[in-house]
Amino acid sequence: MESLRLAVAHRPPLPVPAPGHLRRRLLVHHLPAALSLPDSSLSLSSPQHHRLTPIPRRRLLLPLLASQTPDSNPEPESAGAKIVPLVISIAVGLAVRFLAPRPAEVSLQAWQLLSIFLSTIAGLVLGPLPVGAWAFLGLTAAVATHTLPFTAAFSAFTNEVIWLIVISFFFARGFVKTGLGDRIATYFVKWLGSSTLGLSYGLTISEACIAPAMPSTTARAGGVFLPIIKSLSLSADSKPNHPSSRKLGSYLVMTQFQAAGNSSALFLTAAAQNLLCLKLAEELGVIITNPWVSWFKAASLPAIVSLLATPYLLYKIFPPETKDTPDAPALAAEKLKRMGPVTKNEWVMIGTMILAVSLWVFGDAIGVSSVVAAMLGLSILLLLGVLEWDDCLNEKSAWDTLAWFAVLVGMAAQLTNLGIVSWMSSCVAKLLQSFSLSWPQAFCVLEASYFLIHYLFASQTGHVGALYSAFLAMHVAAGVPRALSALALAFNTNLFGALTHYSSGQAAVYFGAGYLELPDVFRVGFVTALVNTLIWGVVGSIWWKFLGLY
């Protein structure tokens, strides 16, 4: 027995298992929170969490056995709809349907569809459910109540413009995936970035250059420009959520945020909401011939003036502490060196975008529609491997947009067919006539109202779907020239994207970077909006008169 004790006492120490073996043996890393063990020696936050600590088998078995009972680890409950917004949204539709008097000239079917449409719009504003889910509920209500037949309710899902919007999201993903957008912006930093003001101009101009081929302001913000701005700011010791943010980062983020709306307004294909505006105008009988060229001609002068004015305006009202950035061109050159030569996929992206934009400009002359041009471009990107089909499937915002845009466009078209829009137009015309407003006065009142109402919206496209058709009908009823009405409202839709930190997708991206304070966003957003209104109102009016829009 004594020899046995000596043998055990002199037994060599057992090797401590590697962390991976320990993890499998004790199941520490894979236990859910409900099965976490009370032994503090197994805390992953402890610096000694890899120490081998004996654990009695019963302490491991007890929680595992308990987890097999039906009530110990219930499935997380779905959040579902928010009750108060849900009740209010439904109440709006029910009040219109059953409490508001129906005009004699409006059919019961049209009135019922109007109530469903208004309930859908209320839900888009209040948000009881995600936008796509709420739009689907509205569509279901229209079909289930026999207000619309199934084919009419889903007719907009084959709409060319909506599919052009969807494909535009895939193009934006291609710019981000290949790094082409990043490369273009970095070149402008290298050329113009020796001062803070020049750096801002370089970023602003580079966004305007890639905007027509990257039709998503949010993708441009999050995928291209914010990473560049953050890199430049950190190199200048300007940190987010820190007093040093005002050195450089706050100014660059705010300028890019405020200038983005003008880049989106400059080209028809620079933002998804632009295409939706013209489609809704077409539903009301307002046709813009050769839309890409007509849009660019009308927007070019006021948009370029605003683009050039914005960095300087913010340099005065929201100045950076750092005025010179001598290191920025060198940093950009170093980054370009690390990126290496232009890759094959970038060249394919360049060629595809040149082809797509050329067909968008000249396609009408050769019988190629805008959506066909986009389909050809996407097909090339898929065939040559620049984009994988999984890239398209993972672009959730594109499919979500398809769902709820199609619902709103389809409802708006049916409201027009059933006479609701013409009835509203006549009512507005009578109201404006009672105030003895000329069409220029009515134009200013309606445009200002359309702009300021956006304080209630968290989406530019949602605003368009809810109000564009109604306001366009009001313009036409007031005697405003039809093409001018359609284009001015569409331009306005881009300009109010920087009013608040929630007014657009890019607003959320830039505000979330941590360089902007909320009071500054509201103050600078309002001042910049006034300046943009002045530029577009004065320069735009003269330019549009020259072009013969009125």
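Glycine is no exception: its Cβ is also placed from the backbone N, Cα and C atoms.
Given the structure is predicted, the values throughout are model-derived calculations rather than measurements.
Features as listed in TrEMBL:
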TRANSMEM  79-99  transmembrane segment
TRANSMEM  111-136  transmembrane segment
TRANSMEM  148-172  transmembrane segment
TRANSMEM  345-362  transmembrane segment
TRANSMEM  368-389  transmembrane segment
TRANSMEM  401-425  transmembrane segment
TRANSMEM  437-458  transmembrane segment
TRANSMEM  470-491  transmembrane segment
TRANSMEM  521-544  transmembrane segment
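Remark: the transmembrane segment (111-136) contacts the transmembrane segment (401-425), by the rule of 3 or more CB pairs under 8 A. Counting Cβ pairs under 8 Å to the transmembrane segment (437-458), the stretch among 79-99, 148-172, 470-491, 521-544 with the most such contacts is 470-491. Long-range neighbours of the transmembrane segment (79-99) within the same chain, counting only residues 6 or more positions beyond its ends whose Cβ lies under 8 Å from a Cβ of the stretch, are 111-112, 114-116, 118-120, 122-123, 126-129, 134. Sequence-distant contacts of the transmembrane segment (470-491) (same chain, six or more residues past either end, CB-CB distance under 8 Å): 265, 273-274, 277-278, 280-281, 284-286, 288, 294-295, 298-299, 302-303, 421-422, 424-426, 428-429, 432, 437, 439, 442-443, 446-447, 449-450, 536, 540, 544, 549-550. For the transmembrane segment (521-544), the list of distant contacts is 254, 258, 261-262, 298, 301-302, 305-306, 309-310, 313-314, 317-318, 444, 451, 484, 488, 491, 495-496, 498-501, 503, 507, 511, 550: same-chain residues at least six beyond its ends, Cβ to Cβ under 8 Å.
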